[in-house]
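Trainee: This structure is in structure tokens; I'll ask about it shortly.
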Amino acid sequence: MNPLKRSLESSSQEHEAGKQKLQKRECQDFTPRRYQLDVYEVAMRRNTIAMLDTGAGKTMIAVMLIKEFGKINRTKNAGKVIIFLAPTVQLVTQQCEVIEIHTDFEVEQYYGAKGVDQWTGPRWQEQISKYQVMVMTPQVFLQALRNAFLILDMVSLMIFDECHHATGNHPYTRIMKEFYHKSEHKPSVFGMTASPVIRKGISSHLDCEGQFCELENLLDAKIYTVSDREEIEFCVPSAKEMCRYYDSKPVCFEDLSEELGVLCSKYDALITELQNKRSDMYKDADDITKESKRRLSKSIAKICYCLDDVGLICASEATKICIERGQEKGWLKEVVDATDQQTDANGSRLFAENSALHMKFFEEALHLIDKRLQQGIDMLLNSESGCVEAAKTGYISPKLYELIQIFHSFSNSRHARCLIFVDRKITARVIDRMIKKIGHLAHFTVSFLTGGRSSVDALTPKMQKDTLDSFRSGKVNLLFTTDVAEEGIHVPECSCVIRFDLPRTTRSYVQSRGRARQEDSQYILMIERGNVKQNDLISAIVRSETSMVKIASSRESGNLSPGFVPNEEINEYHVGTTGAKVTADSSISIVYRYCEKLPQDKCYSPKPTFEFTHHDDGYVCTLALPPSAVLQILVGPKARNMHKAKQLVCLDACKKLHELGALDDHLCLSVEDPVPEIVSKNKGTGIGTTKRKELHGTTRIHAWSGNWVSKKTALKLQSYKMNFVCDQAGQIYSEFVLLIDATLPDEVATLEIDLYLHDKMVKTSVSSCGLLELDAQQMEQAKLFQGLLFNGLFGKLFTRSKVPNAPREFILNKEDTFVWNTASVYLLLPTNPSFDSNVCINWSVIDAAATAVKLMRRIYSENKRELLGIFDSDQNVGDLIHLANKSCKANSLKDMVVLAVHTGKIYTALDITELSGDSAFDGASDKKECKFRTFAEYFKKKYGIVLRHPSQPLLVLKPSHNPHNLLSSKFRDEGNVVENMSNGTPVVNKTSNRVHMPPELLIPLDLPVEILRSFYLFPALMYRIESLTLASQLRSEIGYSDSNISSFLILEAITTLRCSEDFSMERLELLGDSVLKYAVSCHLFLKFPNKDEGQLSSIRCHMICNATLYKLGIERNVQGYVRDAAFDPRRWLAPGQLSIRPSPCECPVKSEVVTDDIHIIDDKAIVLGKACDKGHRWMCSKTIADCVEAIIGAYYAGGGLRAAMAVLKWLGIGAEIEEDLIVQAILSASVQTYLPKDNVFEMLEAKLGYSFSVKGLLVEALTHPSQQELGAKYCYERLEFLGDAVLDILLTRYLFNSHKDTNEGELTDLRSASVNNENFAQVAVKHNFHHFLQHSSGLLLDQITEYVNRLEGSSMDKVELLSDGLPKGPKVLGDIVESIAGAILLDTKLDLDVVWGIFEPLLSPIVTPENLELPPYRELIEWCGKHGYFVGINCRDQGDTVVATLDVQLKEVLLVRQGFSKKRKDAKAHASSLLLKDLEEKGLIIPKNASKTEQFEKHCGSTNPFNNLHVDAMDTQTPKPTKEKNAADSRNISDPLLGKPLHVIVKTSKGGPRIALYELCKKLQWPMPTMESEKVQPSFSSVCSSPGGSSQKATPQAFAFASTITLHIPNADVISLTGDGRADKKSSQDSAALFLLYELQRRGTLQLQEV
């Protein structure tokens, strides 16, 4: 075999390889043929147009050039790129893949669908620096050159694929004429074509030479082809050309064509009559009518064409296609697109009526056609003889019959690959359907391929690609296509090309023939027998090709064409700074694009209008732009024809738009960047979102800071008395005084707060007592008292060295070893009771504690542990009990507070036992084995202590306990195991342990138990005081002096939900959001009177978005004040207290304050809010933005708009409202608007109860943008922008103040239900505002009329109307309500109270929690989530309609419903409403007579053990099921699943089994299992050591919990089993869940993996 001849198999493999995207590839080598090398060498010497046969490898020559030029670019480091241009997207993609495979360059493709038209200069520069080869459509390159994003100086090589397109006004032509021939530094040019002749053919040698020269001159290149064609003819498969002749039509259906014409005229008249019946004469309605008639005419033309060309059956199929398209409302989409309207077709009566007429026409037309067809036509086509009969009767045309015969002649049909070229898209579609009906061709797979986007007969780009891929792979045998597949499409396996419709040009002939790439392939021309015209056409084309090849190969290489001589005058406008330019040719599209960016709605699209004036020697065009444009009227220069006049006036307009700033210096539409500094600094992923996690520090409280505690001199400190009053008689709490070296804010100094203990409440009050002086000795005693009590109760008094076997150290042993933290310094000292503001510190108690500290120092200094028995006596005297430092009577021990010298723990003595040191250590234990015989032996071996009085009785002590969160009533039951018998609900509560201890190890502290009680209140109390002080500190930083802005409001604003307080920032955030929106809207409205609503909205969006608020908050250190973690009393530290739960700082920062670059993390497992010991904590970026809004809301709630504006100023948000701008805006409205002659608005003013001072504001508020077509210079959109913010703040303020006890979630729902366009639309209809709307749109009138009729004729409420799938109200109705609100606000000079007084009755009844209706989809999701069900969702497109299928698997039945709508959201709402009705019918949905929150909380709020699992997931291990529990107590056991078991990973940490079970049920759509937990009596616990090491006889817990789990497997089984008993309810539920998982594993449902 000749090595030059590549097999078709290798060619196919090359193409398939080209389809693979390799991220980092090694370029594939190929061996070029001799003629390819020849062309390559010529192209390296000069600009060349390679004229080679299709399939000859022109692209590979281009690849060789790319390699060489790329190498040069790299060597010279010139930074130049190579541009490869291809005329279609398919070719761009195909060629890009080939270049990627065969080169090592970075290659990218560019076309319009990628959005490159919207790219900016920096984006293009990024592409240039990243890629060396850029493959693109010529229009993309042309536009980038015109915008000066790319310049030819940066291009080293331009490749033109299918360069014969460079004629007329093609982008190839524009690139060369506008840029290349004017450039000083021209890149090299390489063109590729199989036919340089673009016209029908060539008439002579001179004509051919002229067309060659024209192309050469334009591309500045020389045509080159191979003179010796032997190698090409050998290497490139050449299709065998043949003609198939068909007979003339035996039957002409002229009478049927006439009948169809008459029918079309009839319906044309009906459409006209339909329009004449309308009372209005709106232009858009006229446009719809005209377009509808035009479409009707086009449809009948298609049907008649099919009737004449392919026969009666195909005409019937064409009619059916029209009917199907009408059913999908495809024709309506065409009408909408053609008239540049964006109206929802369902929203216009005119659309519906026209649609009905079209459908009736098609049905009648089909009836006329089908009655000519005999019964059983489908059976007729199942045989060859039937097809012959069909041809004779005209059912199929002879031409189509001959095509069928060709198909029938194919051998090895399963591998046949045939392209059939037709002229029209409808032909491809109907023949495709026809062939599928023919039985003896059923072994073929048939499809069609059509291009373009303007027709509904065309395929989308994706469908085109999929169809071509199917044809290439052999899934499709017969592909009917238009000329879209003529050029460049690589199908190496194509064995036959049929020209069902003859080619019209030499280029079409050559290109289509070149698609037949297989060896021995065929190229079949179908010609009517005896048709001289067709024969002459083919003969001329063949002669043209022969002459073209001959002339091209015989031209001498030295015979260069003359240089390019421009034969047209190019009018253009240049921008000197960038080099961008616009030509007269491109100016029209720019003007249209500019108008498209102007404000518009569904019933009005701004467009330019052109008027032409004829003069003797030409035309003058007057351009009128919409009133919202910066330029309205422009008269252009005179031109020779109307088109040129239109171009020139648009060119002048582009120049003016650039001068006025509407076009930027790149002649792109100006996109305003209102806050560029914000945008530039906010670059990053997820700024202001919950996805972004950042590390921030905590702001110190200035009032707490200081080093005064270390001074050895007398001090004067501010004193604040703390008084505690319990609501239970006999419960006494000692008074205390807070001493601090700063003056606390008044609200803190007068604080009153309720602290919630388990079974009681303590009212706490703080009062200022002025300065109090302490001498140096008192300071020392006070510090010892505080250090002893807080460490002895909540911490530890001993530390152990890291040195092995080193003795413990007493932390108060040396003054210099225990340093107080200067960040938080204060003293809490007990006082004697007093009834005035005087403070009388109880120094006797303080001195006693200090004495105990000194005693402990003596005991633990210099290893003098023998001093333990300081007080010694050989005999017990009477009822004396020997303590560590004294003896006392037994009856005085009750409630004595003591300190254990060996553990450093503080206890309260309860009783004397009968046990002694000599008693058996395990005497009260059921434990079989024990290490110690007696208590005395235990203390000797454990602590090295020899009891001096082993015979004296042991004391029963109550140990100190951990502090609790007492700030909220919801925490009062935290940590207890008792049963609340009032409601029968078991509440977890740990029973207090009782400790047995020898008295001689105890030091009495001589302080009453009342003082000890007060100490347990301090963690919660001081946490609240610290928080309020921090909030007050932030208030001071803001600097607005208003006593109404309380610290409590500020505290609420900086507290997140994660804190689990009774309050959070959510409500204030909602209010602040509305306030911010209102303030910024007013500011922008007044400051920019010439900006339209779209521009104002864009600026507002930038100013109030979370990214901006985040940036401003960071600049003001708001993040340091945010409270983002729940109060953990065990980690709270008093001054002088050592932490027993440290959290060492491992953060990537050195200082406490994060001042450098913000650290970001993507770890989803990161714990938010929890601070390390230096105060660093991870926080969501959005939290900071939310806090900013909440602070604004707090100031508005406390001090009104003036206070909120002060916060905005402090933040740096420019939202000032100047009085003179208000006056100017009112004056402008009064000047530019006009009043109707009869004042029709008096009735509206009467409805409003308000008379406008400036009537023009009301006129503007009711003027629709469509009025601008009649000359109006204004519309309601700016006032709508203002009114939107007005109604938002008014309704939010009302809801905030009216529902103070409503939680933040429900408040958000209330606002959403109140502030929305549908609600406002109903208000407009209720008060007949629509009667006063000034507009010029028939479509809008139809929409409003239909909506009003539906609303008035329905008894359903708003939610039912929406959820039933009916369209929402026209947006314009809600808009005018907002614009009226904006007009009144402006007329009253921004008096919100007046506006509310007018609108409150208009908006009534305003939604309340009692009648709040959640959106159906939201309600369904929440209900299912609460009850343990999952919602299956599947959405698909069906024509222009979205079909949403939702299903809910209940325990016994699967509920499935479908919803339909134009939008996915509305379709899901429709389906959800139907499912909710089903659930209600089954009695599962609660009647809607209460708020949603109350319903859910009451009926299913906290019963689901699988809710909030992440809260319970802790690092505690979940035991495996015991062996005796593996057997399940179940009924009807069967394997619920078939197939391979699911792999389930279960974490053994707390919550892990429940999470795994939840994920399993969600995946399988099983209802969540139910849990029932009950008390169980555990075994008696053994005697054990306390954490401090003391011996204790542990009292058994009152009970533990065991949980029973029940799983309903749909249509299969019910499994019920009980887990092991656990100490708390959640752990017992984990045990039950784990048992169930193991049971499912036993059944083969899953395979468990524990981690």
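Every residue gets a Cβ built from N, Cα and C, even glycine.
Grabbed the feature section from Swiss-Prot, which reads as follows:
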REGION    1-25  region 'Disordered'
DOMAIN    39-214  domain 'Helicase ATP-binding'
BINDING   Leu52, Asp53, Thr54, Gly55, Ala56, Gly57, Lys58, Thr59  ATP binding site
DOMAIN    587-677  domain 'Dicer dsRNA-binding fold'
DOMAIN    879-1006  domain 'PAZ'
BINDING   Glu1280, Asp1375, Glu1378  Mg(2+) binding site
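Show me how these features fit into the shown structure, please.
Mentor: Reduced to three states, the DSSP call for Lys58 (ATP binding site) is helix.
The domain 'Dicer dsRNA-binding fold' (587-677): residue composition by secondary structure is 30 helix, 22 strand, 39 coil, according to DSSP.
In sequence order, Glu1093, Asp1375, Ile1376, Glu1378, Ser1379, Gly1382 are the residues near Glu1280 (Mg(2+) binding site), counting only same-chain partners six or more apart with C-beta under 8 A.
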Trainee: Rank the binding-site residues Asp53, Asp1375 by how many other Cβ atoms lie within 10 Å of each Cβ and give me the one with the fewest.
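Mentor: Comparing Cβ neighbour counts within 10 Å for the binding-site residues Asp53, Asp1375 gives Asp53.
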Trainee: Same-chain residues six or more away whose CB lies under 8 A from the CB of Thr54 (ATP binding site)?
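Mentor: The list for Thr54 (ATP binding site) reads Ala194, Val236, Val510, Gln511, Arg513, Gly514, Arg515, given in order along the sequence.
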Trainee: Roughly where does the domain 'PAZ' (879-1006) sit in mean pLDDT, to the nearest integer?
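Mentor: Residues in the domain 'PAZ' (879-1006) carry a mean pLDDT of 78 in this prediction.
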Trainee: Around Leu52 (ATP binding site), how many other C-beta atoms are within 10 angstroms of its C-beta?
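Mentor: Result for Leu52 (ATP binding site): 21 other Cβ atoms within 10 Å.
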Trainee: When a 10 Å sphere is centred on the Cβ of Ala56 (ATP binding site), how many other Cβ atoms does it contain?
Mentor: 25
Trainee: Using DSSP and three states only, what is Asp1375 (Mg(2+) binding site)?
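Mentor: Where Asp1375 (Mg(2+) binding site) sits, the three-state DSSP reduction gives helix.
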Trainee: CB neighbours of Gly55 (ATP binding site) within 10 A?
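Mentor: By my count, 20.
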Trainee: Give the sequence-ordered set of same-chain residues, not counting Glu1280, Asp1375, Glu1378, with Cβ within 8 Å of the centre of the Cβ atoms defining the Mg(2+) site.
Mentor: Tyr1276, Glu1277, Leu1279, Phe1281, Gly1283, Asp1284, Phe1320, Gly1374, Ile1376, Val1377, Ser1379, Gly1382
Trainee: If the ATP site is taken as the center of the Cβ atoms of Leu52, Asp53, Thr54, Gly55, Ala56, Gly57, Lys58, Thr59, which further residues of that chain fall within 8 Å of it by their Cβ?
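Mentor: Same chain, not in Leu52, Asp53, Thr54, Gly55, Ala56, Gly57, Lys58, Thr59, Cβ within 8 Å: Met192, Ala194, Val236, Gly514.
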Trainee: Near the Cβ of Gly57 (ATP binding site), how many other Cβ atoms are there if near means within 10 Å?
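Mentor: Excluding its own Cβ, Gly57 (ATP binding site) sees 23 Cβ atoms within 10 Å.
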Trainee: Taking DSSP as the reference, which of helix, strand or coil describes Glu1280 (Mg(2+) binding site)?
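Mentor: Glu1280 (Mg(2+) binding site) sits in a helix per DSSP.
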